[in-house]
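As recorded in Swiss-Prot, the features of this protein are as follows:
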ACT_SITE  SER527  active site, nucleophile
DISULFID  CYS296-CYS301  disulfide bond
DISULFID  CYS354-CYS363  disulfide bond
DISULFID  CYS551-CYS552  disulfide bond
SIGNAL    1-30  signal peptide
SITE      TRP116  site 'Important for activity. Binds to Astexin-3'
SITE      ASN562  site 'Important for activity. Binds to Astexin-3'
Amino acid sequence: MRSSKIRCPGAIRVGTLVTAFGCLPHVAFAAAREAPPVTPEVLVRLADIGTMSASETTPLLSLSPDGRYVAFQVRQADPVTNLNVFRMVVKATDGATDAIDVDVGGEYLFWTIPSWGYARNAPSGANLTIQPRWSPSGTHLAYLRQDQGRVRVWRASVKGEGASPVIEDAYDIEDVQWLDDNTLIYSGRPGFVEAEAEIEREGRRGWVYDERFHPLTGARPRVLEPISIVYQVLDLKTGTRRAATPTEVARLREKPDPLRAMVGRTTFSVSRTDPQNINAPTTLVARRGEGEPVRCDEEACQNITRMWGDETANVLYFLRREGWASNEMALYRMPADALKPVRIWHATGLLQGCERQAKRLICAQESALQPRRLVTLNLTSGQMSPLYDPNPDLSRYRLPKVERLTLRNRNGIEVFSDLVLPPDYQLGTRLPLVIVQYSSRGFLRGGTGDENPILPLATAGFAVLSFHSPRSEASYQRFTSPIAQSKAEYSNWRNRWNILHTLEDLIDDLDRRGVIDPARVGLTGLSDGATTVHFGLINSHRFAAAVTSSCCTDSFTASVMNGPRISGALKAYGIETDQADDGPFWAATSFVVNASRLDTPLLIQSADEEYLGALPGFTALQQARKPVELIIYPNEHHVKWQPAHRLAVYNRTIDWFRFWLMDQSDPAPDKAAQYDRWRALRALRQKSPSPTPAP
């Protein structure tokens, strides 16, 4: 695959607008109006480096021992075959040669971790980030790959001479590392397989319903902790295996600390200014040898997310979040013997998985109109240059306009979000607004969970608010534990009111500017964003249509569907799982007790794994003769992972908002039944009594 040759470190800025043509060659400006639009089909096929849920510290990339090459995994969805294609890619860090696909294949490997006392949680739907491991000589990669449901270790030649499995066991391999060019250490949990087999045997007599069950994700007991990790060493030449020594285990378990670095005899780390306050600012601390720690008092030393030491130059480099509501990322350079950092780069986009290579960082980078790609960032000048773009063709499409919004909400909290407008938007035109939640850092794809296609919605004529949830009021207060803070946030749904008020403040701001029609506002959400949808429809009159990816926020879902283990844990965090829907806690969020006073058309696009939790609220709305539709996608999880389903969700979301906010329909014959149902819902709505106004 060829790497991108487009020299476009970032989009062109005109005031606060990011132009749709920021990454087009100059010769393309004349033809921009003829460029094709970004459709759901285009969006769903964009290739991804790593996983959709990557953070600044997610290890997306792997540098070769000599620093000349970088390896990473690329995933691309195909909605026609309903498959995700995985490629292991090697790219020269100097950009001189094209990237090489050293392996193509494998199945979608779900990200699962121990949580809530379960040995392995139910898949969220996000894929596991696969970080390949370089052999000491730099000739091969070792990495995890799943085929036919089994996770094995594969080895690939970095010259593209072939790849094959080298470690297979009766259990899934969970981690791997080289000890030398011919020896690998790997880990897994054979006890998990044994525990699953015991559950299968128990099923012959019938399972006792107990704390092992999580009904929302299945009717089968889950394996509980603890399950021991086993470490094995494989000799690739002889094929012999043995138990790993403690020293070898330490080699595998050792992971770099993103918030710790050495420069000479000075150790740099990050600590809170008040160790007893979980919300106290974090700041840089330097300790020379065995001396006393010295705290950096500069504002630039706070909110650090990554750091690297350069002993040759006697310099520390670090990334931090800064600016209004921490909406920017910045890179700083600081002499090791003087706590005076100097900023050398900043932007509103994202840098993820950065690795230092001599005087450069190699990072995965994305911005509002730029999907994730690889870039180099010069540690002296701050100049960013593209290294590898898995989606070079996106630049030929006609992209919407993006404006970064900043305001202080009615609670005094700094907020940022992004306004996305159609490519041909004319100033002064009022558009229907669709709100997509609840993170707006990086590429504006589909919001959290990637279900609400921002660019195609804008292309369809909507203004789109890519909403970034504000910090909670409680996060500015002193708490000694997350549980204590959570209880404060759930008290009277304090944080949910803060989110809803922020949404209303942004709607009012866009209304004052004449950008939107406040009578035609749609709201979407997944996970925590879905809770905001439920809360917003009950407690506000601002929303004319809504789409949610899960449902509902009520006593049944929190207590019954979460099972005894999780429901008990949720209660400790301030969620009243033992209170009925008509009690004071759930009255603000439950459709069951509020159905008669709602009137907003609601589309629920649920995974089959979660739809049972939607039935009480959905049924209450149906019985109250309210406009609601429930779509269930088979073999899906909290985040939908199948390309065909993602495309269907994209298209149905656009159709729903076009129908309710624009009074438009798609004439495609295969959608006739859909619109028959929706016209029946509209007729039902017109016959229903007026809803009770929100408080």
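Every residue gets a Cβ built from N, Cα and C, even glycine.
Features recorded in Swiss-Prot, as mapped to the structure shown.
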residue : record                                            : DSSP class
TRP116  : site 'Important for activity. Binds to Astexin-3' : coil
CYS296  : disulfide bond                                    : coil
CYS301  : disulfide bond                                    : helix
CYS354  : disulfide bond                                    : strand
CYS363  : disulfide bond                                    : strand
SER527  : active site, nucleophile                          : coil
CYS551  : disulfide bond                                    : coil
ASN562  : site 'Important for activity. Binds to Astexin-3' : coil
Minimum Cα separation from TRP116 (site 'Important for activity. Binds to Astexin-3'), reported as the residue among disulfide-bonded residues CYS301, CYS354, CYS363 that achieves it: CYS354
Neighbour tally for CYS551 (disulfide bond), based on other Cβ positions within 10 Å of its Cβ: 27
Proximal but sequence-remote residues of the same chain as ASN562 (site 'Important for activity. Binds to Astexin-3') (Cβ under 8 Å, at least 6 apart): HIS214, PRO215, LEU216, LEU570, THR577
By Cα-Cα distance, the member of recorded positions CYS296, CYS301, SER527, CYS552 nearest CYS363 (disulfide bond): CYS301
Fewest other C-beta atoms within 10 angstroms, as judged across CYS296, CYS301, CYS354, CYS363, CYS552, which are the disulfide-bonded residues: CYS296
Proximal residue to CYS552 (disulfide bond) among disulfide-bonded residues CYS296, CYS301, CYS354 (C-alpha distance): CYS354
TRP116 (site 'Important for activity. Binds to Astexin-3'), number of other Cβ atoms within 10 Å: 17
Inter-residue Cα distance where the pair is CYS551 (disulfide bond) and CYS354 (disulfide bond), in Å: 37
Length of the line joining the Cα atoms of CYS301 (disulfide bond) and the residue listed as 'active site, nucleophile', in Å: 33
Cβ-Cβ neighbours of the residue listed as 'active site, nucleophile' (radius 10 Å): 17
C-alpha spacing of the residue listed as 'active site, nucleophile' relative to CYS551 (disulfide bond), in angstrom: 9
Rounded inter-Cα distance in Å - CYS296 (disulfide bond), SER527 (active site, nucleophile): 38
